[in-house]
Amino acid sequence: MKKLGVLTSGGDAPGMNAAIRAVVKAASHYHVEVMGIQVGFQGLIDGKIHKLTSQEVEDIADRGGTILKTSRSLEFMEETGRKKAFNRLKDLDIDSVIVIGGEGSLKGAEKLQKLGINVVGIPGTIDNDLAYTDYSIGFDTTLNTVLECIGKIKDTDYSHDKTTIVEVMGRYCGDLALYSALAGGGEIISTPERPLDLYSICSKLRLRMSSGKNDNLVIVTERMYDLQDLQHYIEKKLNISVRTTSLGFIQRGGNASAFDRVLASNMGVKAVELLMNGYSGLAVGMKENKMIHKELGCVNSEIADKQDKYRLLEKLLG
Ligand code: F6P
């Protein structure tokens, strides 16, 4: 490897900075120069590229967001945009690139590799929706943020005997909702993998209310319902008043958890090692607590088999 570029792309995720730090540190261990590409693939097209030093990344491991900034580049989806990106890399003598991001970003990484650049991807997304890896960078921090928010909502629900619907992020993946419920954050959950229709949500609520539980938390994954429609349906059916809270972008920010920092550090170093050993076209991941890698072409957001987790949930929530 002659010169390495690193970029973050798609939605930011806490821990991306820890991954950047690991990439720069590991590359400097091998005496490879690292160029920071700003604003994702768009910054690559626009030539927003500067040298990243070890000192610059020294104290960033805990910080949320990404010091490199990020974007969802429409131009890179077009062949002409990709050609511009390729020429930028050639002009600067960058032969290898590490892409940190979610599904769309790793698909972009694959496209870059097909142009003849050595590329390795690192999964960075709060959604945890990449089936090839058990965890993506950012998921754990966001899960903890969700649990903190839910805990606060539960305090006021309990005090007023209220039912609240909480909408969490995840795109089309229910992991944030599922793991929140597994961690004791909610009593009824509906996810894209196990969706509940309005009738079933009401039946579950009715059952809980008949046993004297009048404070209830329903966690749903974004994009599944119109929250107001759901609220009004339950209110009408059960004759109770219902609150709704969409946690929104608060879920994406914040200092990275220790788990995410360690995961990101492992992945950053592994990505550099793969490139040093002449590999390309791979994405690093973690399966059963071991670092793994997979061809970029096989990376997708197909929902991983979560049967065991849902079985556990049934035991806990009934
Ligand atoms: O992929 C991360 C994520 O936060 C999703 O959970 C959410 O659906 C989406 O990004 C929001 O995207 P944007 O930042 O483009 O609004």
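The backbone N, Cα and C atoms fix where each Cβ goes, glycine too.
TrEMBL labels come from automatic prediction, so no person has curated them.
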According to TrEMBL, which candidate in Gly5, Gly11, Gly170, Gly174 joins Arg72, Ser73, Gly102, Glu103, Gly104, Ser105 at the ATP site: Gly11
Residue among Lys48, Lys154, Lys237 sharing the ADP site, where TrEMBL lists Arg21, Ala22, Val23, Val24, Lys25, Gly185, Gly186, Glu187, Lys213, Asn214, Asp215 as binders: Lys154
Same substrate site per TrEMBL - residue from Glu110, Glu222, Glu235 joining Thr125, Ile126, Asp127, Met169, Gly170, Arg171, Arg243: Glu222
Close recorded positions near Met169 (substrate binding site), where close means Cα within 10 Å, chosen from Ser73, Gly102, Asp127, Glu187: Asp127
Glu103, Asp127, Glu187, Glu222 as recorded positions, winner by CB count within 10 A: Asp127
Maximum Cα-Cα separation in Å among residues Thr125, Ile126, Asp127, Met169, Gly170, Arg171, Glu222, Arg243, which the record lists as binding substrate: 29
Distance-selected recorded positions near ligand 1 (C-beta under 6 Å), from Arg21, Thr125, Asp127, Met169, Arg171: Thr125, Asp127, Met169, Arg171
All-chain count of other Cβ atoms within 10 Å of Gly185 (ADP binding site): 24
Candidate with the highest Cβ count within 10 Å, taken from the binding-site residues Arg21, Lys25, Arg72, Arg171, Arg243: Arg21
Gly11 (ATP binding site) in three-state DSSP notation: coil
